[in-house]
Amino acid sequence: MSIVREPRSIARKFLARPQQEGLGAVVRRSIGRFELRYFDPFIVLDEFSVSAPAGFPDHPHRGFETVTYMLQGAVTHEDFDGHKGTIKAGDLQWMTAGRGVVHSEMPATEGIQKGLQLWINLSSKHKMIQPRYQEISGANIGEATKDGVKVRVIAGEALGIKSTIHTKTPTIYLDFTLKPGSQIQQPIPKSYNSFVYILEGEGIFGQDSRTNSPISSHNLLLLSGFGDGLVAWNKGTKILRFILVGGEPLGEPIEQLGPFVMNTQEEIDQTIEDFENYTNGFEKARYWRSQARVELGY
C-alpha cells in the first residue's frame, strides 16, 4: 500500500555552483542566490568546503536559525556568550540566533571540512527571542534502515523514527541514502514548502520513474506545493544520497541585509544601530574576539 498518494513533482531545478564566501571558504549556494532569494521559510542553503586557515570568522546573526550538519571533518564554533564546541562528521548544531549572536565557525582539523548550512526564518513573534543551541552528536541522531534505504532523522519523522530537535518554525530535515535498486516514499505535510538537495550519486524524483530523467549531485530540486509526499528511486549502480527538507511557510514580509533577517526595513535599520552600538542583544560583542581571530591576528 502506498503511503504517498499524490507525489510532489519537481517545480524548479538549480545546479549549485562553487563561489567564495567568508575568509577563503568555498560554498555551493542553492537557496539565497539571485535566482532564488527566498523559499519561505528557507533563507539560505550552502554546501560548504573549507580548509584552515580559511573559514567563517567573527560575524553576527539576528532573526533566524542556522542549522549546521557536518559531512566531513570538523568545525569549531565559538560565540560572544562563551559558548564553544566542535561538531564532527555526522554531528548537528541547530542554533536559534533570535535577538542576536556574534560567533565564528572555523576548521577544527587539517584537511577539507565539508558540511551543509541551512538558514530557517523565524516568525515575527520569535525574531527577538533569546539565542539557543541544540547540539546533537551523530551517534544520537535517530536512524532507520529498510529495504535498501537508510534515513537519518534530523528534524521531523521518517520510517517510524522521530527527531528530538525542537524547531521554532515547523520543519522536517531528513538525510536519505538509497542503495542501487531501492526507492523511498516519504510523506510531507501538505502545507509545507519542500526541497531536495542531492549530495551524492543520481536519482529519479517526482511522479513517474519511467519518464523522469536521473538528476545528479549538487542539484537543488524545489518540489511543487501540490501533493502529500516525495517518491524517489535509485536506478543507478552507485549510492544515492540526498536531503529532503520541508517547512511551514510563514507568509510574512521579509527584509534581509546579509546576516540580519527581519520583517521591515525599519527593523533592519534598528538592527544595524543595535549592532554598531552594542545594544539590544549585542552588548557582549563590544570587547569579544574569537580565539581564531586572535590567533589569526586581525
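Cβ atoms are placed via backbone N, Cα and C, with glycine included.
Bear in mind that TrEMBL entries carry predicted annotations, made automatically and left uncurated.
As written in TrEMBL, here are the features:
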DOMAIN    27-120  domain 'Pirin N-terminal'
BINDING   His59, His61, His103, Glu105  Fe cation binding site
DOMAIN    173-280  domain 'Pirin C-terminal'
Residues within 8 Å of the His59, His61, His103, Glu105 Cβ centre (excluding the Fe cation site residues themselves): Phe56, Asp58, Pro60, Thr66, His77, Asp79, Val101, Val102, Ser104, Pro259
Overall pLDDT of the domain 'Pirin N-terminal' (27-120), taken as the mean: 93
List of residues, in chain order, with Cβ under 8 A from that of His103 (Fe cation binding site) and at least 6 apart: Asp58, His59, His61, His77, Glu78, Asp79, Phe80, His83, Ser290
Among His59, His61, Glu105, the most crowded of the binding-site residues [Cβ within 10 Å]: Glu105
